[in-house]
Structures are given as C-alpha cells and as structure tokens.
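Participant: Feature list, courtesy of TrEMBL:
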TRANSMEM  A:27-51  transmembrane segment
DOMAIN    A:69-274  domain 'ABC transmembrane type-1'
TRANSMEM  A:71-92  transmembrane segment
TRANSMEM  A:104-122  transmembrane segment
TRANSMEM  A:158-177  transmembrane segment
TRANSMEM  A:214-238  transmembrane segment
TRANSMEM  A:258-279  transmembrane segment
TRANSMEM  A:300-326  transmembrane segment
TRANSMEM  A:346-368  transmembrane segment
DOMAIN    A:347-553  domain 'ABC transmembrane type-1'
TRANSMEM  A:389-409  transmembrane segment
TRANSMEM  A:421-446  transmembrane segment
TRANSMEM  A:478-499  transmembrane segment
TRANSMEM  A:537-558  transmembrane segment
Amino acid sequence: MSATSPLLKPDWRLFGRRSGRTAPTRWLALAIGIAALTVMPVVSLVVIALTGVSDNWAHLISTVLPESVRVTALLMIGVGLLSAVVGVVTAWLTASFDFPGRRFFAWALVLPLAVPTYIAAYCVTEFLHFAGPVQTTIRDVFGFATRRDYYFPEIRSLGGAILILSSVLYPYVFLTVRMVFVMQGRKAADVARTLGASPFGAFRRVLIPMARPAIAVGVALALMETVNDIGAVEFLGVRTLTFSVYSTWLNRGDLAGATQLALAMLVVIVCLVLVERWARRDQRYTIQRGDKPAEGHLRLSGWHAAGAVLACALPIAFGFGIPAIILGDYALKRLDQFSDPALWSALETTVIVASCAGLVTILAAFLMGYGVRITGSKKLLTLVRVGSLGYAVPGTVLAIGILIPLAAFDNALDAFLRAEFGVSTGLLLSGSGLAIVYACCVRFMAMGYGSMESGFAKLSPHLDHAARTLGKSPGQTLTAILLPLMRPALLTGFMLVFVDSAKELSATILLRPFGFETLATFVYASASRSAFEDSAVAALLIVLIGILPVLALTRSILAKAQ
Amino acid sequence: MTRFKMIATAALGLSSALGAATAACAADVNIYTSRQPELIQPVLDAFTKDTGLTTATIFIDKGLEQRIAAEGTNSPADLIMTVDVGRLAAAKDAGVTQAVTGEAINENIPAEFQDADHQWFGLTARGRVVYASKDRVDTDALTYQDLASDEWKGRLCTRSGQHQYNIALIAAYIEHYGEDAAREWVTGLRDNLARRPEGGDRDQAKAIFAGECDIALGNTYYVGKMATNEKEPEQKDWANAIKVIMPTFDNGKTHVNISGVALAKNAPNRENAIKLMNFLSSDEAQKIYADLNYEYPLEPGIETSDLVAGFGELNPDDISLSDIASHREEASRIIDEVAYDSGPQS
C-alpha cells in the first residue's frame, strides 16, 4: 500500500491542523474510506429499518417484549458480572502469584475462546442432562429411577445460559485485563503493599480501578456476543430479544420490524458503553514508559495455592474441558469421518477464510487506528466506533445488511458494463469468498480495532516526534517504529479475529457460493436436523484450529512480557 | 517497511486466491436449499445419471429469499428447496419464484400439496404427530383438540412454539377452526406443558424416555432416525420408549407438512430446472427421496418403507397447504400472545 512512499511531507505535524492536501488529510481520507466500508452494513440495516413499515411493534410490546427485555437484561447482567469476575480473578492470580500450574493456566485460560457458544451449550447440556454421565452416576449411586426422584438444577434455563455463555466469553476479559496486570500492575501493587495494604487490598483498591478500561473493553465484547447469539439461547430455551428478532422476521415476514428491534438493542449497548465512559470521565490512565513487566511473583502455598488452582481450573474445565470430552467421545465413534475429503477441504477453507479475515481486519484496524492517532479526528473516531458495532447485531441480520449493498453494487456494475461494453460481470462480490471475508471483517472489527486502540494508547506520541526529528519519514515512522512496537496488539487482534472467524456461521451460511463449506457450516447442517453428534468431528476441528493461534500467540506475547 | 508490506501483500494475496478459488462453479441446475444437502444428493445423483445434467447446491437457511431477491436478475439460483411450507410461501411472497404449469409435476403432485398459483410444489410429507410414552399412555387414538384437555396437565412437552413445524400446525388449526379457537387451543396446550419449550423434536422423545413428560409433539421421521441410529444407540432407547399416535382433526385426518421445491424467478437454466422438478415428482425419485428421510412420498401410489409403515397409517389432511401457509403470521402471534414459550403458568 501507499505507506511505502513518503506520503507525509516534511511540514507534517503530529496532531497538527489540516493544511490543504497535506499528508494527514490523505491519511484521513484513507482511514475514512476504510471506516465507511465497515459502517456500510449497519447503515444498510438502518435504511431497511427506516424505510420499512412494521406492524409488529404493538403486538410485541403487548406480548413477549417485556418478558424478553427482562430476560435479556438479566442475561447481560449475569454474563457481564460472571465473566468479569472470572476474567479479572484469573488474570490477577496468574499475573501476581506463583502457584502450581501457573504457567499452564496463563495460556490455558484462553482456550474456551475457541469453543463456539452453540457448541458449548450443546455439550454442557449433554453432559448434565438426564441421560448424561453426571445424572446417570447420581442415579446409580443413590438408586433413583426417574427425573422426579431427585433434584437437579435445570441447565436449560437463564442461570444455565449465564453459566455457559460466561464460561466461553470470560477469556475476552482475561486477555485484556491480564495484559494490564502483567505490564503495569506489579509496580502499583508493590507501592500499595509498602503502604500497608494486603495483597487483596491492593487488588481491590489499586489493581481493579487501574484495569477498569480493560475490564470495560472485555466485558463489552462478551456482552456484544451475548446479544448477537441465537444458537445457544435458542437451544437452552432462553427467550431473549434476539429470539424475537428472528420470529418477527421469519414467522411474520417482517424484516423491517426485526431490523428495528436489532438496532434498538444496538442503541442500548451503545448507551451502556457511553455511560461507562462517562462514569470514569475524570480519571486518567497513563502508562509510564520504562515500566518493566513484573519479575518474580508472590508465592502461594497450602490452602491459598489450592484455591488459586481451583479458581483457574474450574473455568477451563467448564468452558473447554466438558466440550472437549463430549466432542471427543462422539468423534471417537466416528473416526471414519476423518477420511472424508469434504471435511478436510472444509478445514482448509476455514483456515483460509479465518486467516484472510484476521489479516484484512487487522490491516484495516491498524490503518484506521493510525488515522485516528495522527489526525485526532473525532468524526473518524465516531465512524470507526459505529463500524465496530456490527458485532452486537444478530449474525444473520447483519449478513442481510452486507448482502444487500454488495449485491446492489454487483448488479449496478454488471448493468453498467453490459450497457457500455457488452461485458457481463455477474455477481462479482456477493456470493464469493470475498464477501465472507468482508463479512467477518465487519462482524469482528470490534476485536480488531479494540486491540489497535489499546495498542496505540500505550505508545507515547513522543515516539512519533522523536522519529520525525531523527529524519524518518512518517511512512518510515509507521513501519520502522510503530509497527514493531505494536506487535503484541497486532497479534492479539489477529488471534481474536481469526478464532472468531473460524467459528463464524450465520454470515457464511447466507453469503457463500456453491461448493463453499467451512467447518461451521458442516456442523450446522447436522445440527439443523438435530443430529449435532454427527458433526462432532468438524466441531472438534473448529476448536482445534482455534486453539493453535491461541497457543502460538499467547505464548509469544507472554514470552515477550515475561 | 517490509513487514508492513508483507502483511498487506499476504492479506491481498490470500484474499484474491480465495476469490479465484470460489469463483462460481455453477452446474446445469443450481439449487438453493434449506433441506440438508445429504438428504438431497442421492436423488440428484440419480437425476444426473438419467439425464447427464449436473447439479450444484448451497445450503442456506434463514434469509434464503432475501438472498435471491438481492441477487436479482443475476441470481444463479434455478431451484429453491425447503423443508417447510412456510418457507415456500415466504419465497412466493418475496416474489422470488415463478409459476410452473402444464408439466408432469403439476399432474403428479396432488393439488392440496401445490401452491394455488403453482409457484411451489410439495415433494414429500411428514406427519406432525404425538409421541406418547409406551408405559404411561394407554390410548392409541387422539384428536388434536384432546391435547389441550386437562387429562394431559403437566404431561406435555414440545419444542418452541415459534418453530416452523409448530407454526404450521397451529396455522392448520386456524384453517380448520378459526383463530379464536386456535388461541384457546394453544392456551390449553400451554397449560398442559410439563416444562418450558426447549430443544428439538428428538429432545422431546428423550424427555419422555427420562420421565419428564408423557406425550410430545414431533415429526414422524425423527422416530425413524432415532430407531436406526447406530452411532448413538441410546437414541434407540428413546425411540423404544415412545409410540407414535396419529392425531386427527374433525375430518379424521392428520396435519402434514412438506418438503418442497419452487422454480426461482430468474432461473438461468429454466428448462433444465423444470426437468429436475419433473424428475423429483417421478416414481423413481419419490421413492428414493422419501426413504432418505423416513418421509411419505406425495405422488399417490408410491409405497412407504417398512419402517415408516410401522408408525401406523397416516391419513394426511386434505385442506390446501397454501391456505395453511396463509395463517402462519397469525399462528406466530398467538404463540406470543399466550406466552407459550414461557411454559406452564403456575
């Protein structure tokens, strides 16, 4: 891209005012161009919502809406709290203390991220239902015969949904918060300790407030995924607003009403984020350069060590262990599927799509992040943030928002070329692999841009000034100074987008061309005829390819940090 | 510099490779289907063997009509195949289908299983029936109305009322008895629920096996699938725990839903597509297609497999499916109005 040429003229000033066609203007134009592409699907949904007339609102408000608002609110509060507590506590333990297995937990706690929510819901239900291993054992031990003979909590419930969703979504909090604790926490905690605070006191009064922006980012990601989820909540019989979005659209043929409802949910999410930002408006979070990551950890022993091990092991067992056992068990009975060439080609497609999506998203996020950094443009920032909201829109609804403008573009191009040159391009973008990569970029820009934003925030503007003073061109500053320093952020962002793209289902299924199978579509084909177990091998492969970047990249990031 | 270039090049390179690799590999007949491809492929293979025409499928679920509509005149879709009459009707409503007249399929498929304007055609039928516990339920005959009677209080399990199969059943009830009667009936069903609606039809059989409920609503073919599941033999136990009761309306007939086909409005290979439609309604294809999923062929005179025959005699309702489909919106609203999915009110 153009970053290789000396784009920025010598009179370029960091955060300087725009002066004609100077470099920041061009950076701004580039960044706005990219941001516009990420915003387009949300905009097209707004158009659908505003141009359509829905006769379902009165019906919804007088029937299911109050209950589904309540359920959705409780689900969000539950998932928000539980994933925050689990994520923060495990991040604190692994960053500050030494106990048996700490190094293992430091990366294994990320593993549940590789498990799609719908697979987690299915597996945990299998594990805990009447005919599953847990209840069968209980009946054998106590001699019960039927479900009515004893009490067992119902996993298919709001509580169960909170537990299951949190168990695979807490890693967002763990990842963002742990980075803060590892990079900055030790010094602050040490100061607090010398002033007489207990380790827990330091945690509560110093570390948690310090990590608040990171907690907010992680929890926001978890909540966005919670509201866009339909597979897991539908399976668990939890009627969220998302459920009403789909029944309004599919059973009542009212896409406009469904879109209006989905956008209303989006507005609520935006308000939550704004309120949280407003609540800490007077606080400043600065990073002292030269802070070294913690060396040496407080050693835990006895009950404390056992408690720490348990606190770290439980989330992994629940979010990763149970799904792995259930899928592994089904897969063992279906070893013949491993010789199915269709499975391997689906695996290949999945890896290619996820890699492309990861790279393109990070590239776009990096350029937009840099655009915001050097121009300080509030408009651009707003645009970028709106583009990141795609993640909170129910997947298939967002996919419609992607499909319509792409197909309209294709048809317009085709009509133009036919009229002018007699050439037909047909559907160039929609219904191609590119459309799916684009869809993943839009859906997961929140992770990509979030990583870039926190990465850039850690780099002082003085770096840019220094590089410029030493005669580096701005393009060189970007690539020689900022890019290497941004490595952890780039890797984290890539990993998150890769893992989520490998799990992506709803947009892929709607936008794919003939013969285009990913592992997720493989799984869905079975799940949709309630024979999920037949796709256990494919589901296991989704988890496995999600693990690989988690392993490679967390280890590489942690190796740097430690 | 180089790294940046590397990332950019890799991203663009991979993307264009992806674009090239997935460039439309269309065939003589292109099918958008919400019926699982593996339940279609054997019959498509038979078609290819007979005619030499190739086929390609994409499995699309939600949004199938929107995709064809958005693709407009450039849409590669020739045929739309679905598993629920509601989806066929939605495709017609979205204006993405076209009529087929004067063809073999018009003759082969009984009128009540065709759209009134011949915009879509049923191919196979599945009964929406009652799974009942062999141990705890004595009767072998029920009407749909019976399911709402007090006798079954706390004994009924179903999947979500908003699921398309339940929507179609309620829509049929509306067609028979009117909307108010249907609301009353669904309220009665709700009061009989043993638990909140959840899972799929198989899960209801499992719940009967587990003793959580005594009767459930389900499609016929799931019984066949469970009874023959060699990979998960425990499902045979679920199938063994239940018997199939064919409930009836006042006319003595049972509600059936269909899997079906429609010709896409801008089908680029219209002639070949109609050939395939005719083939799908032929004796040969009807037999294969129905047996694949333990369903009932719609062309009269084709025998069902022994396993399907073992469910008991199905006497399919003869009210028109297009009339049923026209009530699905009311049905969906009734489910919300009586808060069916919130489960038993106590």
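Heads up, the Cβ atoms here are built off N, Cα and C, so glycines get one too.
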Participant: Between the stretches A:27-51, A:300-326, A:478-499, which wins on the count of C-beta pairs under 8 angstroms to the transmembrane segment (A:346-368)?
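Facilitator: It is A:478-499, which has the most Cβ pairs under 8 Å.
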Participant: Mind checking which residues of the chain, 6+ beyond the ends of the transmembrane segment (A:421-446), have their Cβ under 8 Å from one of its Cβ atoms?
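Facilitator: Result: 37-38, 40-41, 220-221, 224, 352-354, 356-357, 360-361, 364-365, 387-392, 395, 398-399, 402-403, 406-407, 409-411, 413-414, 496-497, 500-501, 504, 507-508, 511-513, 516.
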Participant: Under 8 Å between C-beta atoms and at least six residues away from its ends: which parts of the chain pack against the transmembrane segment (A:214-238)?
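Facilitator: For the transmembrane segment (A:214-238), the nonlocal Cβ contacts are 71-72, 75-76, 79-80, 83-84, 87-88, 116-118, 120-122, 125, 155-158, 160-161, 164-166, 169-170, 172-177, 179-180, 208, 246, 265, 269, 272-273, 276-277, 391-396, 398, 446-447, 450, 454, 505-506, 527.
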Participant: With pairs 6 or more apart in sequence, are the transmembrane segment (A:158-177) and the transmembrane segment (A:389-409) linked by at least 3 Cβ pairs under 8 Å?
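Facilitator: Contact criterion not met.
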Participant: If I count Cβ-Cβ pairs under 8 A between the transmembrane segment (A:258-279) and each of A:27-51, A:71-92, A:104-122, which range comes out on top?
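Facilitator: Top-ranked stretch among A:27-51, A:71-92, A:104-122: A:27-51.
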Participant: Take the transmembrane segment (A:27-51) and find every residue of the same chain, 6 or more past its ends, with a Cβ under 8 Å from one of its Cβ atoms.
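Facilitator: Residues 2, 7-8, 18, 255-256, 259-260, 262-263, 266, 364, 367-368, 370-372, 374-375, 377, 379-380, 383-384, 386-390, 393, 397-398, 400-402, 404-405, 438, 441-442, 445.
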Participant: Counting CB pairs under 8 Å, which listed stretch among A:71-92, A:104-122, A:300-326 touches the transmembrane segment (A:478-499) the most?
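Facilitator: Per the Cβ count, the answer is A:104-122.
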Participant: Six or more residues beyond either end and a Cβ under 8 Å away: which residues meet both conditions relative to the transmembrane segment (A:300-326)?
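Facilitator: Here the qualifying positions are 86, 89-90, 93-94, 97-102, 105, 108-109, 111-112, 114-115, 119-120, 122-124, 126-127, 163, 167-168, 170-171, 536, 540, 543.
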